[in-house]
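Undergrad: First the structure, then my questions, so here it is.
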Amino acid sequence: MASYIMSPSPHWRYPVETEQNRNNMNLNNNYSANTGSYLRPRVVYSKGPCPLSSTTVPSLSNMMMGLGFQDNLGRPERPEKYSRKVFIGGLPPDINEKEIYAAFRRFGHLTVNWPQKGETRPHFPPRGYAFLIFQEEESVQLLIDSCIQKPADMPRMSERSRHALLAQVNGTPQRFTSSQPPVVVQLPVLTLQPQLYISVSSHLQPNKLVQIRPWSLADAEYILDDSMPLDPRKTVFVGGVPRPFKAVELACLMNELFGNVCRAGIDTDPDLKYPKGAARVAFTTRESYLRAIEVRFVEVQMPDQRKRMEVKPFVLDEQLCDQCVDSPRRSGPYFCGNLICLQYYCEMCWSQIHSDDEKQFHKPIVKEWADRPRTLAYRRC
């Protein structure tokens, strides 16, 4: 059973913005001066039910190249299907690195690793899991073929829980404090594919079934609605994404919560092509984009871990100032993530726009490049 806790509240390169393509973007922020709030989106699927059971994922290579969505589906002579890095969980507590290596070396040359390996007691993974890093991708396929498959659990979400979640998303946002915990609703486990297990032995636990979790490269990107162009100003950065999450699952979850999702991409490291725990989600409407930013946190209770995902505006590189009236416009390296701004500013325009009482405490978001200042002076309370 997976539950999602919602509490209201950078790093890819987009093309350089020009005056022409900026004018082509729909920058209407849909802010109501009368109500002081943003319009709420309808939570609907863009193109029918979310196809979680589908195993065919369209390639985003051409559509997302240059827009920050990685081209993970390259065209080598023999296309790769899996990352060479494989998660293995549920290990016996007394198993050491040498025994793990011996159990899997029949599939090919590999190394065994786990987080903070150099800081833990020698040769023993401390949390019952490790990563197998194979030299060849074919070894991963051999490992998968040797696994035992077990069907994944498929609990259903009650209508009461679904209505509670959608009411929270579409209704008046609740302002949670430390003394007021966020609402918890039950959602189904998203992963429908069978789980993989293989037998591993240690001195204390011979022939123990441990879980094998390979990462398919096709799961890194997904298109939910291919009829809409990708708008970088309606794209959010999602941090803290559980590594089992696939792009299709993240797209459908965000579409269920905020509506009008068109694409999702999981960020992977360039060498092993394994998830890094971050993603980008693109919306087709600014209302859905604003709602996702306003909610900010979605806490995910997975069967084996609990993760809080943070939703933030996706900060673009080399943008022009949105307030400059001079021609040519100055560079706008300072982004204001407050909902009443969400614009890029040069230093002069930032100081002018944020000098009034309503905006004086906004904090700029600046990409940390070596030739760019990391902070900008602003008034503090």
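A Cβ is built for glycine as well, from the same backbone N, Cα and C atoms used for every other residue.
Among the features that TrEMBL reports, domain 'RRM' is placed at 84-181, 234-305.
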Undergrad: Helix, strand, coil: count each for the residues of the domain 'RRM' (234-305), based on DSSP.
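TA: Taking the domain 'RRM' (234-305) as a whole: 23 helix, 27 strand, 22 coil.
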Undergrad: Could you pull the average pLDDT for the domain 'RRM' (84-181)?
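TA: Overall, the domain 'RRM' (84-181) comes to a mean pLDDT of 75.
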